[in-house]
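Mind having a look at this structure? Questions to follow.
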C-alpha cells in the first residue's frame, strides 16, 4: 500500500473522534493467542480428540517454531496430557520443551479443566489444579503463575484465594453482571487487587483483570474456519470464516482493529491493552491464523506514528509484567464475589445451580469416595506389612478417579450445561473411577485384621471406615433383605441397631447401626440374620420401631393449623407435626428453649414454554413465569419411633387421587449418646427427599417457612470455603431469579435469637423470597423451541427421580457457629462401609496392625492425606537437572512422601474459642501413621517450596504494598511444629521412615 492509498484510512481513523485522539501514539496491544477447548459441552472429550484437539497442538507448535515472535497460551491440561501421552511425536515433544524454555508457549491456570466457580466445592477445585500442576511440574519443571478463568458463569471469591495460595501473580475473569461490567468499564475499574478472604486479607491478595465486553473472543479476526464434527476433513480443507489479510482487505482490518483497541484502551488505567486472540475450538490450523495476523501486525507496526498503536504477540506473563511495571496504585476489592451472573436484562444464570441434579450428586459422592480412598491407601502403605496389594495398581485406581472428579469440575460439566451425550461421558468416567477405588478399598479391607469367633457360618462383615480426622458418632444405614437381624462388634458384643421397613423398597429393610469411630480408623461389625427356628438363640436382635400412620390430608388454604400437634423428639429437638395438615408445624430447640414456627412444602416454578422469541429457563437460565405455586394436592404421613432414631415420612401427591407420590420428605432425629461425642448427631435433623418425575417446564423447590425475622437476608457459601451475606435485590421483572445463589455446601437464615442452617451434600440453588423463608431448588425439567436448544439438542428434558439430602441445624448463633462446619464435613464425608462374606470362625493372620487414630483439634480439618505418586524431586534445582538429563523416564513413584493439607475451618472472630490459631506438632499428630522424618511446607498444589515462593507485590490505594506469599509471613518452618491461623490452608510434604 503506497502513501497515497494510506490517506483514506487515516481520514477514517480521524473521524473516530476524541477517543482515538486520546490514545494517539500511546497504546501498546498485547495479542494473546489462545484456543478455548471445553472439556465436554457440545461434544465429548473423545469426539474433540478425534476432530480437532491434536491439530491445535500440532499446528500451534509448528507455527511457533517457524516464527520467533509468535506466542500461545494453553489452558486445559486434560486435553494437553491426552495429546502429549497419545499423539505427540518425539520431535513435537522436543519442540514443546524448547518453546517453554524460550517462554513463547505458556501454560496458564494449569488445571485439568477451567473449573466452574459457582457449584464446585473448593476441595475439588484444589484437586483439579493439583492434578494439572503436578503433571506440568513433573514433565517440564514449570509452574503456572497466571489464571485464565474466562468462561465460568460468575466469579467466586474463593478461586482468587486458592490461586494466591498456589503462587499465582495474576488472575483473569470475564463473566460478571453485564451492568456491573459496563459501570466498571466507564470508571476504569476492570483491574483491581482482590482480597478474596476476609480472614487472610492482604496476605493472599491477587491482582485481577476482568476482560471487557468483548470477552475472550476476537470476532472478525479468525481465519481457520470451524472444526467439522463428527469427522475432521481428510484433506484438512476448512473453509475460512474471514477473508484473508491482503492489500485489498488491509484497510478493513486495520480500521476495525484500531477502533476496537481504542475503545478498550479507554476502559483501563494503563495504555497496555490485553487483546485475546482466539475463541472456541480455534487454532487447529495455526499456520493460517498466524500468517494473516503477521501481515496485519506488520502493517500496523509500520504505521504506528499514524495509528497511535503498536502490536506484539504476548503470553499472559508478558502482559502482566508490563502492567506490573507501571506506577499505579490499584483499587482493592474485598471478599465479595461476582454471583449471580446476568448476561442481559432478565437473563440471570441461576438455573445451572441445580441443572442435572443427579450428576451433581454423583460428582460430590465420587469426590467423597476418593477422599476416603486416598487416606485409607496412605495408612495401608505406611503400615508394617501389606500382603495382597500391588501399589502401582492401587495408584492407578486412585489416579483414574482423581482425573474423573477433576474433569467434571469443568464449567460445562458439573454445571449441567452440556448435551446428554456429554453427561453420559461424565457419568461413565465417574462410575468407572469409583468402581476402581471401591475395589481398592475392598482389597485393603480384606487385609485388615479381624478376629471373630461365631457359632456358625453366615452373614457379613461390615468394615466401617471414618475418613475424617476426629472421632465421629453417627448412624449408618444399610439395606438388608431380612427383618430379624443381629449386629455385633468383632468381639461379639451387641451393637445398638434398629431395623424397619424400607422407606422406598417394599421388599427390603433399612438397618440403622450406631457407630463411634476414631479419626482415620475403622470398626468391624458382624451382621447376621436371626433364625426363628432356634428358640434357644441368645443373639441380640436389632430393635424394631413402632409406626403410626396418618391418613391422606388435602392441602388446606384456610390457615387453621396448630390445633392437633404430634411431638417427635430427641435430646436436642422436638419437632411438632400438625395432624390436620400432615405438615411440620414448629421445632423446639433445647439450648435456647425457643420454639420456632417452621413448615415445609414443595412448590414449582413454571417457565415460558415453546416461544422462540421468549427468554425462557434452560440449562443455564432460570426465568420463571411468575411466583412458585404448590406442587402437591395431598400429603400422607408416617411416624416411625425407635430406640435409635425416629423418622418422619411425608408423602406428597401431585393430585389427590394419584396412586403414587411424586415428592417425599424423610426426616430423622437420632437418639445417640448424651455426651460430647454425640453432640453433632443430636443437633441435626437429617432430611432426604424424593423428587420426580416432574411435569415438563417445572422447576421444583423445597420451601421452609419460619417465624424468624430475617429481613430477607440470606447467607450462602462460596464453594464450601466461606460465607457470603446476600441482601434481597428488588427488580421489576427479575426479582425471583436475581435472588438465587449457589449453595455448594451450606446456607442459613437468622434473627437475633436463632439461626436455621441448611447443609447439603451437593450443589443447589438457594434463595430467600420472603421474610423468614429459605428455599432450595431440587430438580428441573425443561424444554423449549429456541434455535440454540434444537440445533445442539441442549435440552434438560429429564424424567429422572432425584434424592437429595439436607441436614437442618437450629439454635442460637453461638451453637450453630460451632457446629456448622464440622456437621457439613460429616455430611460430605460420611463413613464408608465395605462388606465381605463371613464364613464361620475368622482369625486373620498378622496383617496390618490396628492403627492408632489420627485426631486433629475441632477447628482443623484434614483436607487431604494422600500419596500422590509424583516422581519429581522436592528440590527444584535437582528436579530441573533430572529433567535435563532425562532421568524422569527412570524415576519411580515415592510411596513414603505424603501430601498433607490442613484447613482452619473458622473465620477470624467468628467463634470465641474455635477462631483462635492452632499450634500442633505434626510428628505427634501423625504418629499413628508412622515415624515422620521430614516436613516440607509447599504451595497449595505442592509445586513450590514456600521458602522460595515470592509473589509480586502490587501497590494499592489503601497504602498497602505487601509482598504476597502463600502463607502468613512467619519464620521458615523448623521442625514439626506448625501454627494454623483462621481460614488458612497449609500444604505439606510429609516424609515417613521406611518400615
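Glycine residues also receive a Cβ, built from the backbone N, Cα and C atoms like all the rest.
Swiss-Prot feature annotations, pasted as is:
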type	residues	note
SIGNAL	1-21	signal peptide
BINDING	36, 38, 151, 411	Zn(2+) binding site
ACT_SITE	151	active site, nucleophile
CARBOHYD	285	N-linked glycosylation site
CARBOHYD	593	N-linked glycosylation site
CARBOHYD	625	N-linked glycosylation site
CARBOHYD	657	N-linked glycosylation site
CARBOHYD	733	N-linked glycosylation site
CARBOHYD	793	N-linked glycosylation site
CARBOHYD	875	N-linked glycosylation site
REGION	956-977	region 'Disordered'
CARBOHYD	977	N-linked glycosylation site
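In terms of burial and nearby residues, how do these features look in this structure?
Cβ neighbours within 10 Å of residue 151 (Zn(2+) binding site), excluding its own Cβ and spanning all shown chains: 20.
According to DSSP, residue 151 (Zn(2+) binding site) is assigned to coil rather than to any helix or strand.
All chains included, 23 other C-beta atoms sit within 10 angstroms of the C-beta of residue 285 (N-linked glycosylation site).
Classification of residue 593 (N-linked glycosylation site) by DSSP places it in coil, neither helical nor stranded. Non-local contacts of residue 593 (N-linked glycosylation site) by the CB criterion (under 8 A, 6+ apart in sequence, same chain) are absent.
Using a 10 Å radius centred on the Cβ of residue 625 (N-linked glycosylation site) and all shown protein chains, the other Cβ atoms total 13.
In this view, residue 657 (N-linked glycosylation site) is surrounded by 9 other Cβ atoms within 10 Å of its Cβ, with every protein chain counted.
Annotation for residue 733 (N-linked glycosylation site): same-chain Cβ neighbours under 8 Å, separated by at least 6 residues, are 345, 346. Under the three-state DSSP scheme, residue 733 (N-linked glycosylation site) falls in the coil class.
When other Cβ atoms within 10 Å of the Cβ of residue 793 (N-linked glycosylation site) are tallied across all protein chains shown, the result is 11.
Annotation note: residue 875 (N-linked glycosylation site) sits in a coil segment as assigned by DSSP.
Every protein chain considered, the tally of other Cβ atoms within 10 Å of the Cβ of residue 977 (N-linked glycosylation site) stands at 13.
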Which of the glycosylation sites 625, 657, 793, 875 has its Cα closest in space to the Cα of residue 36 (Zn(2+) binding site)?
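Smallest Cα separation from residue 36 (Zn(2+) binding site) among 625, 657, 793, 875: 793.
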Cα of residue 657 (N-linked glycosylation site) to Cα of residue 411 (Zn(2+) binding site): how many Å, rounded?
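Pair distance, Cα basis, whole Å: 42 Å.
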Taking only same-chain residues 6+ apart in sequence, whose CB is under 8 Å from that of residue 411 (Zn(2+) binding site), what do you get?
38, 113, 114, 115, 116, 117, 151, 152, 153, 417
Nearest to residue 625 (N-linked glycosylation site) in three-dimensional space, by Cα, is which of the glycosylation sites 285, 793, 875, 977?
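Result: the closest of the glycosylation sites to residue 625 (N-linked glycosylation site) is 793.
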Measuring Cα to Cα, how far is residue 285 (N-linked glycosylation site) from residue 875 (N-linked glycosylation site) in Å?
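With the alpha carbons as reference points, the distance is 39 Å.
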For a quick check of packing: other C-beta atoms within 10 Å of the C-beta of residue 38 (Zn(2+) binding site), how many?
23
Using the CB centroid of 36, 38, 151, 411 as the Zn(2+) site centre, which other residues of the same chain sit with their CB within 8 A?
37, 41, 114, 150, 152, 280, 410, 412
In terms of DSSP three-state secondary structure, what is the assignment for residue 977 (N-linked glycosylation site)?
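In three-state terms, residue 977 (N-linked glycosylation site) counts as strand.
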Helix, strand or coil by DSSP: which one applies to residue 625 (N-linked glycosylation site)?
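DSSP assigns residue 625 (N-linked glycosylation site) to coil.
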Among all protein chains shown, how many Cβ atoms are found within 10 Å of the Cβ of residue 875 (N-linked glycosylation site), not counting that one?
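The Cβ of residue 875 (N-linked glycosylation site) has 12 Cβ neighbours within 10 Å.
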